[in-house]
Each structure stands twice: as structure tokens, then as C-alpha cells.
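Contents: one structure, followed by commentary.
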2 protein chains.
Amino acid sequence: MASSSSLTLSQAILARSIPRHALSSSSSQDRVSLPSFSGLKSTSSSSSRSTTHRRRVAATTGLAVRASAAVETLEKTTDVALVEKSINTIRFLAIDAVEKANSGHPGLPMGCAPMGHILYDEVMKYNPKNPYWFNRDRFVLSAGHGCMLQYALLHLAGYDSVLEEDLKSFRQWGSRTPGHPENFETPGVEVTTGPLGQGIANGVGLALAEKHLAARFNKPDCEIVDHYTYVILGDGCQMEGISNEVCSLAGHWGLGKLIAFYDDNHISIDGDTAIAFTESVDTRFEGLGWHVIWVKNGNTGYDEIRAAIEEAKAVKDKPTLIKVTTTIGYGSPNKANSYSVHGSALGGKEVDATRKNLGWPYEPFHVPEDVKKHWSHLIPDGAALEAEWNAKFAEYEKKYKEEAAELKLIISGEFPAGWEKALPTYTPESPADATRNLSQQCLNALAKVLPGLLGGSADLASSNMTLLKMFGDFQKDTPEERNVRFGVREHGMGAICNGIGLHSPGLIPYCATFFVFTDYMRAAIRISALCEAGVIYVMTHDSIGLGEDGPTHQPIEHLASFRAMPNILMLRPADGNETAGAYKVAVLNRKRPSILALSRQKLPQLPGTSIDGVEKGGYIISDNSSGNKPDVILIGTGSELEIAAKAGDELRKEGKAVRVVSFVSWELFDDQSDDYKESVLPAAVTARVSIEAGSTFGWAKIVGTKGKAIGIDRFGASAPAGKIYKEFGITAEAVIAAAKQVC
Amino acid sequence: MASSSSLTLSQAILARSIPRHALSSSSSQDRVSLPSFSGLKSTSSSSSRSTTHRRRVAATTGLAVRASAAVETLEKTTDVALVEKSINTIRFLAIDAVEKANSGHPGLPMGCAPMGHILYDEVMKYNPKNPYWFNRDRFVLSAGHGCMLQYALLHLAGYDSVLEEDLKSFRQWGSRTPGHPENFETPGVEVTTGPLGQGIANGVGLALAEKHLAARFNKPDCEIVDHYTYVILGDGCQMEGISNEVCSLAGHWGLGKLIAFYDDNHISIDGDTAIAFTESVDTRFEGLGWHVIWVKNGNTGYDEIRAAIEEAKAVKDKPTLIKVTTTIGYGSPNKANSYSVHGSALGGKEVDATRKNLGWPYEPFHVPEDVKKHWSHLIPDGAALEAEWNAKFAEYEKKYKEEAAELKLIISGEFPAGWEKALPTYTPESPADATRNLSQQCLNALAKVLPGLLGGSADLASSNMTLLKMFGDFQKDTPEERNVRFGVREHGMGAICNGIGLHSPGLIPYCATFFVFTDYMRAAIRISALCEAGVIYVMTHDSIGLGEDGPTHQPIEHLASFRAMPNILMLRPADGNETAGAYKVAVLNRKRPSILALSRQKLPQLPGTSIDGVEKGGYIISDNSSGNKPDVILIGTGSELEIAAKAGDELRKEGKAVRVVSFVSWELFDDQSDDYKESVLPAAVTARVSIEAGSTFGWAKIVGTKGKAIGIDRFGASAPAGKIYKEFGITAEAVIAAAKQVC
């Protein structure tokens with residue numbers, strides 16, 4: 001049983017461990033990491049191991065041990081000099097890489113090297129040879145510009161993704177060490193950070209996922225889900241509104257296993273933080289319901305840092321903020337504690353001075369032998385941790401077959417067979433309904449078959465229609481439930497969902513608000529697309545069709561703005577079948593997020609729509625032409641497909657050969673073969689009219705120079721929806737008139 | 001002198017007091033409000049007036065009086081019964097309007113009517129007959145869905161913009177009472193709210209503007225700028241990250257004249273705030289450096305509310321949050337204190353029950369005579385306030401001629417004669433430079449001639465190149481300066497600038513970050529466009545040309561996403577002359593915000609570029625064709641115009657007739673005549689190639705079906721800029737090859 005579960009999990013590992021560059025790099029296949037179980041007893045006792053390598057392993061053996069570990073004093077197995085040498089190694093790897101690239105941010109790694117060392121060497125549970133081991137502790141560098149800190153740590157810990165050659169090609173074309181941490185480039189990096197505040201939000205999502213899965217799958221005799229989430233964030237992250245949003249939620253949810261280090265160095269790009277940031281962060285976080293600890297000497301107070309982590313772990317019902325006061329660029333005699341060390345290379349002269357100041361006689365990129373030797377324990381330790389967990393999982397599987405099967409789906413990202421059959425289908429006789437309501441039918445159908453589906457709305461659940469009726473609310477004391485209440489925090493919601501999605505391949509987060517408020521969360525949505533988190537964005541009230549709330553609430557340019565964004569699917573279904581199709585696409589695209597634009601208003605079930613059609617992005621819903629030569633092609637999306645269909649009917653009565661095309665997703669249509677595209681939009685037919693209650697920007701590509709795009713190129717208005725449609729000319733009459741013009 | 005200054009100011013009033021609907025409505029001209037000075041002594045003493053109408057007027061007479069007023073006990077000139085009747089009038093106007101529209105949000109107006117009454121009837125200084133009087137107190141309903149509160153108050157106070165017929169056409173096509181407060185529709189509404197958190201941010205901008213202008217223009221003997229900014233925000237606003245951003249800044253800046261009422265009603269759309277919002281708001285605001293007061297009985301504790309306002313005014317170095325605990329839907333026996341009263345009409349039965357419960361025998365929309373009479377003092381009071389201020393200004397002008405002239409420009413929005421001559425010009429021999437640096441030259445040149453120009457960056461001043469060298473930092477103790485340090489708070493920055501821009505027509509706020517981070521502030525930018533705040537967005541690092549920071553920092557879809565947005569100018573200048581042209585356009589467009597996309601990398605000064613050209617949006621920079629029949633048209637923007645020009649030179653060497661077009665702003669080109677457009681892009685010439693280091697989305701409209709758009713339809717990469725350009729094919733070679741294909 002153990003081997004079979006390992007196999008399943010390894011498949012998940014394989015699926016996720018090929019970074020993007022590996023696909024275009026000849027030498028990278030051999031870097032794909034598989035767990036090395038051989039030579040290690042999977043049942044080795046934790047007590048014997050802990051004498052050599054401390055409580056890292058002890059912490060994995062169950063609740064009883066963890067509870068006592070939380071209050072014990074940390075054993076120091078290495079002497080201070082070696083710790084300091086290791087910390088300086090981290091500093092100089094960062095200095096040297098930035099210097100070689102002549103680009104990057106040395107200041108943070110130099111200041112945060114002590115907490116980095118303690119986390120990766122002493123505290124965190126992970127397996128460097130399998131960065132995707134399910135039960136690993138997660139680490140997020142929210143202050144992503146300091147990525148050389150993380151690359152140096154991954155390198156010392158023995159990750160295959162960051163070899164010496166990778167450090168030397170920092171920030172170069174095709175390297176695994178890009179300018180900010182990117183999970184899709186560098187195994188060992190959990191999420192994509194750099195845009196400030198995103199990382200701490202991802203961290204909240206990772207910690208939420210852990211709390212949820214632990215509550216669902218842990219048993220009194222077997223704690224199969226059990227890890228911490230560590231985050232380092234800086235002053236910049238703290239200033240961003242998104243971090244306040246998510247930290248308010250983390251406090252509300254009582255995410256006790258989220259431990260965030262606030263690198264309190266008083267410097268941001270414009271200089272001393274005193275010029276723009278004089279609030280009391282401690283007081284604010286106390287208000288947010290966090291446990292707050294202040295490490296006054298983050299530069300050399302190693303025991304202070306260790307004690308703070310212990311204290312943080314002992315507080316189980318609140319997340320902890322460890323404010324660590326550090327010196328940015330610590331060790332640089334002339335640039336430390338100034339903005340000049342934040343974002344540029346120190347320069348040869350200052351590098352020399354820093355080497356002298358910190359007593360560092362080594363060549364660039366050199367890792368001293370004793371430091372190397374010291375870090376070498378992490379590979380066998382990591383393998384042992386994973387083997388132990390695999391053995392534990394085998395036991396779990398024996399006792400809790402059903403739960404184990406479900407958890408494996410979440411870990412592997414595999415879909416249960418036939419899941420898509422759960423999606424509802426409709427006929428033209430089915431009652432008219434708003435696509436937001438049809439969306440709720442899909443979500444509730446999918447929740448029954450997809451164990452990883454969870455999500456919610458930014459305080460609009462009853463408008464977005466996103467409640468899963470078979471589940472309760474994910475809350476502090478009911479974390480096993482799947483309806484997440486994000487409050488009015490769109491940006492945080494999106495970034496939390498990115499964290500959930502990147503926690504485990506089988507978690508499928510969805511989140512919802514009014515379509516216009518994607519503006520609040522656009523930065524998080526873009527990172528979904530970039531970091532390949534398959535979040536499903538359920539965006540209702542998708543046009544002037546929402547009516548009276550007026551122009552602040554009516555999206556106009558939003559469809560176009562997402563069609564222009566790489567690696568995202570913008571879907572605008574027209575009725576029940578298309579909504580089901582949109583969900584099928586969204587669920588299957590685990591590395592390409594989907595946005596579903598859904599109507600507030602009722603829409604009829606149209607003849608000719610289908611799930612299959614949606615999968616092609618654009619398809620014919622009705623046609624009375626022959627020989628692929630219609631007189632005119634009418635193209636609609638979402639709520640305007642009905643109008644196109646009506647206009648088509650009218651024109652046919654007048655004897656025209658009319659094709660009506662649903663253009664539900666431009667990106668999916670782009671992915672089709674040229675032959676298919678020609679079969680829908682034949683090049684020879686230039687008489688084309690599109691209708692969409694949104695900006696016409698971009699439609700010229702579809703309707704061509706001789707066609708006509710009907711849309712809205714102004715802001716909306718406050719009035720009943722039907723009135724606005726009429727006043728704005730989004731009508732069948734307008735389509736008919738345009739068709740006659742272009743024919 | 002007094003009359004001449006009044007005249008100037010009236011021009012400003014006229015320019016701003018014609019709302020958008022007035023332009024299409026025949027009956028609206030007669031509603032344009034002009035101040036009525038006649039019959040009022042402009043020198044009437046404040047002491048005599050204050051005995052009739054309390055400290056409203058006393059508060060305008062200078063520092064000494066204000067200081068003592070702040071600690072005095074408020075006189076109550078009306079008995080409690082009449083106050084209560086007035087408050088119920090507000091409640092029922094809201095109930096009745098929502099009921100008639102069968103759409104809207106009655107809950108907030110019913111709960112906040114007491115604070116609304118006290119503010120508009122007893123506390124605020126304003127002139128209902130001139131909503132644009134410069135020195136008025138500003139009021140912002142950040143919880144904009146409760147707009148019926150504000151409409152009811154404007155109606156009672158005697159604003160011509162909200163007559164009974166307007167209340168009766170709430171949320172209807174063409175009305176002045178749209179579904180959320182919109183400054184461009186309803187005189188008396190200062191800003192546009194609804195999207196949560198924007199209003200409190202606008203409020204911070206309004207208060208910043210007051211503090212700045214007061215510091216610049218007030219004299220020991222004459223406090224010519226002196227008003228408060230009041231905001232009502234709800235739980236939803238509090239949850240949004242943007243509000244934490246701006247409240248952190250308000251605390252940092254010590255905006256003592258900002259007084260925010262937090263409508264603490266424990267209900268949001270999804271139900272009790274306990275499901276998602278359990279932080280201690282009080283503690284957080286204390287951490288942010290605010291003075292916090294709690295009014296426990298916001299429903300009937302009128303004296304508590306009054307005392308809180310007094311206390312808030314007495315605290316001069318901190319903004320104040322007055323947490324007012326209210327009952328949403330107060331008075332409704334079956335729906336109060338529940339989410340059901342938030343966003344829908346009460347329904348006839350419950351309206352009846354509420355009438356009974358609150359003892360309200362009147363017909364819908366009825367304002368009882370005694371209430372009407374009570375509120376009638378505000379029209380003469382307001383006129384007196386303005387007349388007094390005008391007299392004061394006349395005195396000021398006599399003593400401080402230069403300052404008065406400058407302040408008049410700020411109040412009126414007029415430009416100093418010849419201001420645009422300050423803009424630098426360049427020749428092809430001028431040194432190559434990044435457009436971000438050229439932008440700084442423009443900003444510094446303009447700062448010398450435009451008294452209302454102020455702004456800054458979200459902690460990237462030294463990267464965005466936005467510092468005004470002749471000024472220091474706007475800070476708590478140096479508010480007369482013009483460099484604003486926003487910290488890493490892009491969203492808050494944008495919305496604060498909207499507030500600054502809407503404070504006075506002559507204030508020209510600019511703000512800056514990396515172009516990609518417009519994603520963080522997109523909601524605020526959209527509202528700039530909607531509410532006609534002519535903010536200048538200085539967005540540097542505008543493409544893959546930023547290099548090593550990688551895809552999280554490289555905009556791709558951003559140009560397209562703003563070209564699709566209504567009422568905004570997206571400008572991407574190519575060199576010095578075009579940067580100067582972009583600034584000329586941006587400054588002149590006071591009701592249409594501008595985004596300037598600027599390069600990090602050096603660009604040559606190109607032959608053929610000009611300020612005039614930029615004003616046309618698209619124009620020819622070089623051409624060796626004749627008869628408007630080039631073989632091919634090459635089109636570039638920004639940093640790629642250089643590439644188009646190079647490719648043009650090469651093709652000409654091969655004997656081709658090549659036109660090179662700069663397409664710096666699509667919107668401005670769209671505004672040109674058909675003749676002009678034909679002279680640049682003749683319909684007969686279908687051989688067109690565009691090049692832009694961004695998404696090709698939208699370019700099909702420009703290059704046509706037979707042309708070719710060179711761009712980037714994937715995310716960027718981390719590497720030196722030149723390398724990425726080459727790998728992505730953004731090169732002259734690619735343009736030449738494409739040109740040969742399409743010719």
C-alpha cells in the first residue's frame with residue numbers, strides 16, 4: 001500500500017516539477033527531482049534522529065511531540081561561529097550574484113540572512129530532492145526583490161534547481177534564477193512574488209489550505225496534514241493595502257500556523273520609511289488579531305530569532321508577526337542602512353570593503369567547506385521526513401480508505417473519473433435564467449465530485465450566487481467547510497486563491513465579485529495567469545445589464561482588458577449550456593486561470609449552444625447558409641448572443657443566409673486549427689457584425705475592415721437595464737441595420 | 001476688488017457647475033447656480049450672525065475664534081422633537097425614493113440620518129446656491145450605495161440639483177440622482193463613490209489639498225483657506241485595503257481637519273460582519289495615528305454625535321475617526337439590523353410598518369412644513385458665508401497681491417498665459433535619454449509656471465523621476481511643499497489624487513509608479529476617467545525594456561487595457577519632443593486623465609517628432625512617398641518608434657516609399673477629422689506594419705486585415721533588456737521582414 005500511494009504522489013510530483021525552462025533546455029531533464037527513498041528506513045525513530053539533527057524531524061511525529069516541542073528551548077547544535085559563517089555565505093552569495101549581474105537587490109538578503117539561515121537550516125521541514133513533497137513547510141518571500149536570499153538558501157539546502165551555475169546566471173536569459181521568485185521557473189519557490197503584498201496574501205492562502213485540509217483529513221491517531229507557512233515581508237509589503245486585507249482575514253480565521261517575519265529595516269526605495277510610513281505596525285497587527293513579537297536585534301540576535309519562532313509556534317489560535325529589526329545591507333561599511341543598498345549592485349569597491357568588514361577572504365560564489373558540510377544534513381533529513389510521511393500515509397490509507405483516496409486526488413491533481421458528467425445540461429425549453437444562477441448550479445454540481453473545489457465571494461455571495469449549499473462556512477472553528485467568506489477584500493481574495501491553488505494541484509479555488517471590481521484585484525489576477533494558478537474567477541453583473549447601480553458598477557472595457565492579458569481564459573457564456581461549458585474549461589485548465597463573466601439578468605436557453613462548442617471558443621449556433629458562404633455572419637457573446645440570434649431570425653425571414661456565431665472565448669478560438677477557424681469565420685465572408693455590451697476595442701480583428709462592431713465605448717448609466725440597452729443601441733434592430741449595411 | 005475677484009471665481013463656478021446631463025437636457029440651463037450676493041452685506045459681522053445660526057458662521061472668522069469654538073459646548077437651537085422629525089424626513093425620503101425606483105439601498109440612510117442631519121444642518125459650512133464655493137466644507141459619502149442620504153440632505157439644504165422631481169426619478173435614465181453619488185451629475189456631490197474605499201481616499205485627498213493650500217496661502221492676519229472634510233464610511237470601506245493605505249497616510253500627514261464617521265452597523269451584504277470582519281478597527285486606527293472616538297448610540301444619541309464632532313475639531317494634529325454604532329435600516333420593525341435592508345426596497349408592507357413604527361403619517365416624498373422651515377436658514381446662511389469669504393478675499397488680495405493671483409488660478413482653473421512655452425524642446429542632436437528623465441525635465445519646467453501642480457510617487461520617486469527640485473516634501477510640518485511621498489500605496493495614491501484634482505479646478509495632481517503597477521490602482525484610475533479628475537499618471541518602466549526585474553514587472557497588456565477604457569488618454573511618447581507634447585496634452589485635459597507610459601531605457605531624439613504631432617495622436621515623422629501613396633506604412637509608439645524609423649531607413653535604401661507614423665495616442669487620433677486620418681493612414685494603403693513592445697490586441701484596427709502587428713503576446717522574461725528585445729523579435733529586422741511580406 002505504501003508503494004502504491006508513493007507512486008500516485010510521485011506522479012503529482014512529476015507533473016509539477018518540470019519548470020517552464022526545462023521544456024526548452026536540453027540539460028534540464030536530469031534535474032527533475034524524484035524523492036530518494038532508498039537506503040533510509042521509513043520507520044526510523046524520531047528520537048534517534050533528533051540527537052543529530054534536532055527537532056526538525058521530531059516535529060513531524062505527531063501532536064504530542066509537537067506540543068512539547070513548542071515550549072522546549074531550541075538546542076543549538078552548531079556553534080555560533082559556524083552559524084555566522086553560514087549567514088555570511090548567504091550574504092556573499094547574494095552580493096556576488098547581484099554584482100555579476102550588475103542588477104538586483106543585495107540589501108534585503110544581507111539583512112535577512114540570519115532569519116533565512118535559521119528557517120532553512122534549523123526550523124523548516126522540507127525535502128530538497130522533492131520540492132513538491134506534499135507535507136513540506138511552505139516559505140514565501142513576499143519581499144520578492146530579495147530573491148537572492150531564497151536562491152542562496154535553496155542552493156545551500158541542496159535543491160537541484162539552484163546550482164552554482166544558476167547563481168552565476170542570476171537575472172540572465174533562460175536562467176532558473178530570475179529577477180523575482182517565480183514558482184514556474186524554480187522548483188523550491190512556492191509562489192510568484194515581487195509585486196509587493198502578493199506574497200503575504202499567498203501565504204495566507206497556503207495557511208488556509210493547510211488548516212482546511214488538516215481539519216478535513218487529520219484523525220485523532222494520525223495527523224497527515226501538518227505544516228507551517230513562513231513568510232518574510234518588508235516595509236513595502238506592509239504599506240500595500242492588500243496585506244492589511246489578508247492579515248485581517250488571517251487574524252479572523254485564526255491561522256495559527258502562519259508565521260510572518262516583518263523585516264523592519266526602516267528603509268524603502270525613497271529613503272527612510274519615516275517619510276511615508278510612521279504608523280505603529282505592532283498596534284495595527286494587534287488590532288487585526290495577530291500575536292506580535294519584536295526581535296530587536298535581527299542582525300546578530302540568533303537566539304532571539306529562535307525564541308520568537310518557538311513562541312510563535314506555541315500560539316496556536318492566532319497567526320504571529322515577528323517584527324525583526326534589521327539593518328538593510330548589513331555588513332556593507334558605507335551603504336548599509338541606506339536606500340542605495342536596496343536595489344543596485346554594491347560596486348567592486350564596496351564589495352571589497354564589505355568582504356574586509358565581515359572578514360570574508362573567499363572568492364565570489366565560494367561556499368566554505370565547513371558551511372557546505374554543515375548544510376549537507378538537509379538532504380538525508382529531507383528524504384527521511386518524506387519517507388516517514390509516506391509510511392504514515394500508508395497507515396492512514398489502510399485505516400481511512402475513503403479519505404485517503406480523496407486526499408490523493410487533492411495531492412495529485414487528478415480528476416475523479418467522469419466528473420464532468422455532473423455538469424448540468426439544458427434544452428431551449430429549460431426556463432430562462434441569469435447565468436449567475438446557472439453558475440451556482442454548476443458550482444454546486446461540481447462540489448459533489450471535485451474534492452478540491454472551495455471558494456467564495458468578496459461579500460457578495462448572495463449576488464454572485466456562489467454558495468455551496470452542501471457545505472458550511474470556512475471559519476476559525478469550522479475550517480473543514482468550503483464556503484470562504486472573504487469580506488469586501490477583492491484584491492486579497494484573488495491573491496489568497498493563488499496561494500490555495502499553488503498549495504496542492506488538486507485544490508481548485510474560485511472567487512467572486514462584480515465583474516467591474518476585477519479592477520480592485522487585477523494585480524492578483526495577472527499573477528494567477530503568470531504563476532499558472534488555475535483560479536476560477538466568477539464575475540457576475542457583467543455589463544450595463546446590471547442596471548440602476550450605474551457607471552461605477554458597469555464594466556465596459558473589462559472584457560477587452562482581459563482578452564489582452566496573456567495566459568488567461570476570458571469566458572462569457574450565453575446560457576446554461578455555455579455556463580456548464582465554461583466550468584468544464586475552467587476546471588480542466590489547472591495552469592491557466594479562467595474568468596467567467598456572468599449576467600445579473602435572465603437569459604433564455606438558446607437553441608444550438610453546447611458544452612462542446614464552448615471548448616472551441618467560437619462556434620456556430622445557427623445557420624441557414626450552404627457551402628460555407630453565408631450572406632452575413634452575426635457574432636455575439638454572453639447576454640448579447642440572444643440579440644444576435646433574434647436578429648438572425650429576422651434577417652432569415654427576409655431571405656438572407658445568416659450564420660450566428662457564439663464567441664464565448666477568444667483565447668480558445670485562437671487555439672483551434674486554421675481549418676476549424678475557416679469553417680466558422682470563412683475569410684471570404686467579410687460581411688460580419690458583432691454585438692457585445694462592452695467596449696468594441698479589439699473586435700476589428702474579428703469583424704475585419706468591412707465588418708461592424710456594435711458595442712459601448714463610453715461609460716454606462718444609472719437606469720433600469722432595458723432602458724440602457726435601448727438608449728445605447730444594443731438591440732436586434734441595430735444588428736439588423738448593421739447587417740444590411742455590410743451585406 | 002471684491003467684485004473682480006468674485007467675477008473670476010464665478011467663472012470657475014460656471015465652468016464646473018454644468019453637469020453632464022445639463023448638456024443634453026433642455027430644462028437644465030436654468031438650474032445652473034450662481035452665487036447670490038445681492039441683498040447681503042459682504043461685511044456682516046460674524047458675531048451677530050452666530051447668535052441666530054450658531055457657530056457655523058463663527059467658525060469662519062479666523063483661528064482665534066475657531067480655537068475657542070472647538071472647546072465650547074454646542075448650542076442646541078432646535079428642540080429634540082424637531083431634530084427627530086428632520087431625521088425621519090431624511091429616512092422617509094430615502095425609503096420612498098428607493099421604493100419608487102424599486103431599486104437602491106435604504107438601510108444606510110435610515111441608520112445614518114442622525115449624523116447626516118447634524119452635519120448638514122448644524123456643522124458644515126456651505127452655500128447651497130453655489131455648490132462650488134471654494135472654501136466650503138467637503139462631504140464625501142464613501143459608502144456611496146447610501147446615496148439617498150446625500151440626495152435627501154442636498155434637497156433639504158436647498159440645492160437646486162436635487163428637487164422633489166429628482167428624488168422621484170432616483171436611479172432613472174437621465175436623472176440627477178443616479179444609483180451612486182456622481183460629482184459630474186449632481187452639483188453638491190464632491191466626488192464619485194460606490195466602489196468601496198474610494199471615498200475615504202478621496203477625502204484624504206481633499207483634506208491634503210486644504211492643508212496644502214492653507215499652508216501656502218494663509219497669513220497670520222487672514223486665514224483664507226479653512227475648511228473641514230467630512231466622510232461617512234461603512235464596514236465595506238473599512239475592509240478594503242485602499243482605506244488602510246490612505247488612513248495610514250492621513251495619520252502620517254496629521255490631517256487634523258479630516259473627520260471620518262465610521263458607520264459601525266455590523267451588517268454587510270453577506271450578513272453579520274462577524275463572518276469576515278472581527279478585527280478591532282479602533283486599535284488599528286490608533287496604530288495608524290488617528291484620534292478615535294466611539295459614539296455608542298448613533299441612532300438617537302444626537303448630543304453624543306455633536307460632542308464627538310467638537311472633540312474631533314479640538315484635535316488638530318490628527319485625523320479623527322468617529323465610530324458611530326448605528327442600526328442599519330433603523331425604524332423598520334422587521335428588517336432593521338439585517339442584510340435584507342441593505343440593498344433592496346423595503347416593500348410596501350414594510351414601508352407601512354415603518355411609517356407606523358416611527359409615527360410618520362405623511363405621503364411619500366413629503367417634507368413637513370416645520371422641517372422645511374427649519375432647513376430654510378441654510379440658503380441665506382450659505383450666501384452670507386460666501387459673501388463674507390469674498391469680502392475676506394478682497395482684503396487678502398489688497399494685501400497679498402501675488403498670492404491672491406496664484407490662488408485665483410487654483411480656484412478658477414485658468415492657466416497662466418504662455419505656460420506651455422515652459423515646456424522643453426529637443427533636436428535630433430540633443431542627447432539620447434530615457435523618457436522618464438525627459439518627463440522629469442517637463443515636470444520641473446511646469447512646476448515653475450503651474451501653481452497647482454503637485455504630486456509624487458509610490459516610493460519610486462528616484463526611478464519614476466518625479467521629484468520637483470525646487471520644492472521640498474509635503475509632510476505634516478511642511479504642508480506647503482509639493483513633493484508628495486505616497487509610500488508603496490498605489491491604489492491609495494490614485495484615489496487621493498482624484499480627491500486633490502476635484503478639490504479645485506486649478507490643482508493638477510500627478511502620481512507615479514511602474515506602468516505594470518497600474519494594476520494595483522486600476523479602480524482609482526477608472527474613477528479618474530469617470531469623474532473627470534484630470535490626474536496625470538506618470539508611468540515609467542513601460543515595457544520589457546526594464547529588463548532584469550522580469551515578467552512580474554514588465555507590462556504587456558497594459559497599453560491595450562487603457563486604450564479600451566473610456567475618457568482617458570493613453571500616451572506613449574517616443575522622445576523628448578513627444579514627452580513635452582504628452583505633458584501639454586495632459587495639462588490641458590482637465591476633465592480627462594492622462595497616462596504617460598515612459599521608458600526606463602535611453603532613447604534617441606528622433607527627427608520629425610513634435611509637440612504638435614502629439615496633439616493629433618498619430619502623425620507622420622518621415623515619408624519619402626508622394627501622392628499619399630507609400631508602399632508601406634510603418635507605425636510605432638514610444639520606444640519602438642526608433643525601431644520603426646530604423647526599419648524605414650533600411651527599406652528606403654532598398655528603394656521603397658516608406659511612411660513612418662508615430663501613434664502616440666489612439667484616443668487623440670480618433671478625435672481628428674476623417675480628412676486628417678486619411679492623410680496619415682490612407683485607406684488605400686493596406687500595407688501596414690506596427691511595432692510596439694506590448695500586446696498586439698487592438699492593433700488589427702490600425703493595421704487592417706492585410707497588415708501585420710508586431711508585439712508581445714506572452715509574459716516577459718528576466719534578462720538584460722536588449723536580449724529580451726532580440727529574443728522576442730521586437731527588432732528592425734522583424735519590421736523589415738514583415739514590411740516585405742505585406743507590400
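Using the three backbone atoms N, Cα and C, a Cβ is placed for every residue, glycine included.
Of the residues A:Arg436, A:Arg485, A:Arg489, TrEMBL places A:Arg436 in the same substrate site as A:His105, A:His342, A:Ser463, A:His541, A:Asp549, A:His553, A:Arg600. According to TrEMBL, the residue from A:Asp235, A:Asp282 that belongs to the Mg(2+) site alongside A:Asn265, A:Ile267 is A:Asp235. What TrEMBL records for the thiamine diphosphate site is A:His145, A:Gly194, A:Pro195, A:Leu196, A:Asn265, A:His342, A:Phe517, and among A:Gly116, A:Gly236, A:Gly487, A:Gly547 the residue it adds there is A:Gly236. Here the CA atom of A:Pro195 (thiamine diphosphate binding site) lies 27 Å from the CA atom of A:His553 (substrate binding site). Within its own chain, A:Arg600 (substrate binding site) has A:Ala434, A:Arg436, A:Ser463, A:Thr540, A:His541, A:Asp542, A:Gly545, A:Leu546, A:Gly547, A:Ala721 as residues 6 or more apart in sequence whose C-beta sits under 8 angstroms from its own.
As a whole-number mean, the pLDDT of the domain 'Transketolase-like pyrimidine-binding' (A:433-605) in this prediction is 98. Separation of the C-alpha atoms of A:Phe517 (thiamine diphosphate binding site) and A:His105 (substrate binding site): 34 Å, rounded to the nearest whole number.
Cα separation, A:Asp235 (Mg(2+) binding site) to A:Asn265 (thiamine diphosphate binding site), rounded: 8 Å. Between the alpha carbons (Cα) of A:His105 (substrate binding site) and A:Gly236 (thiamine diphosphate binding site) lies a span of roughly 14 Å. In this record, substrate is bound by A:His105, A:His342, A:Arg436, A:Ser463, A:His541, A:Asp549, A:His553, A:Arg600; the longest C-alpha to C-alpha distance in that set is 48 Å. The distance from the Cα of A:Ile267 (Mg(2+) binding site) to the Cα of A:Leu196 (thiamine diphosphate binding site) comes to 15 Å. In this structure the C-alpha atoms belonging to A:Asn265 (thiamine diphosphate binding site) and A:His342 (substrate binding site) are separated by 11 Å. DSSP assigns A:Asp549 (substrate binding site) to coil in the three-state reduction, placing it in neither a helix nor a strand. When the binding-site residues A:His145, A:Gly194, A:Pro195, A:Leu196 are compared by Cα distance to A:His342 (substrate binding site), the shortest distance belongs to A:His145. Chain B comes close to A:Leu196, A:Gly236, taken from the binding-site residues A:Leu196, A:Gly236, A:Asn265, A:Arg436 by a C-beta to C-beta distance under 8 angstroms.
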